[in-house]
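In what follows, a structure is listed as structure tokens, so that the remarks can point back to it.
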Ligand SMILES: NC(=O)c1ccc[n+]([C@@H]2O[C@H](COP(=O)([O-])OP(=O)(O)OC[C@H]3O[C@@H](n4cnc5c(N)ncnc54)[C@H](O)[C@@H]3O)[C@@H](O)[C@H]2O)c1
């Protein structure tokens, strides 16, 4: 039995993680964590009486194998550090961590031979899109990314867009050539080693992304669309089983599929 703690258990993604854990016979929810909650009775959240609810990291005293985190960008680094230090294998979906923070956590987990994953996107369509973009980047020198999310998303660009840009940069091995432009209204978007990233925040979207490659007389668009957040749980489940076998922190679901 794989014992799981869900951090951000009563948020939108946290609830889906709880549902996924509860519907898999080899997974057991042992605790939920959220410092914002006052109520610690699991029944109030529709959870079994054995599930412990914590609102302070220092109170967490349960044995667990996995720490799933769907919390908030400002808390995810401390939460993940806590999980690693206590031997809980982190399965981190929360976005917003800097590259430096991610590398620090990787060093910490690797030094303890602890498996784990930080994935900006647990959706299979998004991860495959990133893989296909990496292949295309070898043949097209120029590309731009357009990511579209719901209006409540706090951070921009999305972790997936940033990760896509990173993979494109790694595949090319050099910065994308910049064309001079006159852009007083800053309409050309953000920039990652020359790849422009445009972030849309509008009601109606869940999480979509397009990567557009431009070449001489042709373009290639790779596009993925998330219509239901339930889709992320396929990747989370896959990741849980994979990190139980790993002895280091993996960055990106694309590394394990
Ligand atoms: N990797 C992926 O595939 C993926 C998919 C969707 C969303 N996300 C990310 O997951 C995160 C959560 O998204 P959401 O839509 O569920 O947000 P949400 O606002 O619905 O839920 C976040 C929850 O975290 C709680 N919280 C606040 N501080 C906390 C802390 N210190 N520790 C633990 N919990 C805390 C909040 O009270 C809330 O219940 C976001 O960063 C989002 O971008 C990732």
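Placement of Cβ uses the backbone N, Cα and C atoms for every residue, glycine included.
Heads up, TrEMBL stuff is auto-annotated, nobody curated it.
For the NAD(+) site, TrEMBL gives 8, 9, 10, 11, 12, 13, 93, 94, 95, 119, 120, 121, 122; the one candidate out of 39, 85, 142, 144 that the record lists there too is 39. For ligand 1, the binding-site residues lying close by, meaning a CB under 6 A from one of its atoms, are 10, 119, 121; the full candidate list was 10, 119, 121, 150. Straight-line distance linking the Cα atoms of residue 150 ((S)-2,3,4,5-tetrahydrodipicolinate binding site) and residue 94 (NAD(+) binding site), rounded to a whole number, equals 16 Å. DSSP gives residue 160 ((S)-2,3,4,5-tetrahydrodipicolinate binding site) a helix state. The record assigns 8, 9, 10, 11, 12, 13, 39, 93, 94, 95, 119, 120, 121, 122 to the NAD(+) site; their largest pairwise CA distance measures 30 Å. DSSP assigns residue 12 (NAD(+) binding site) to a helix.
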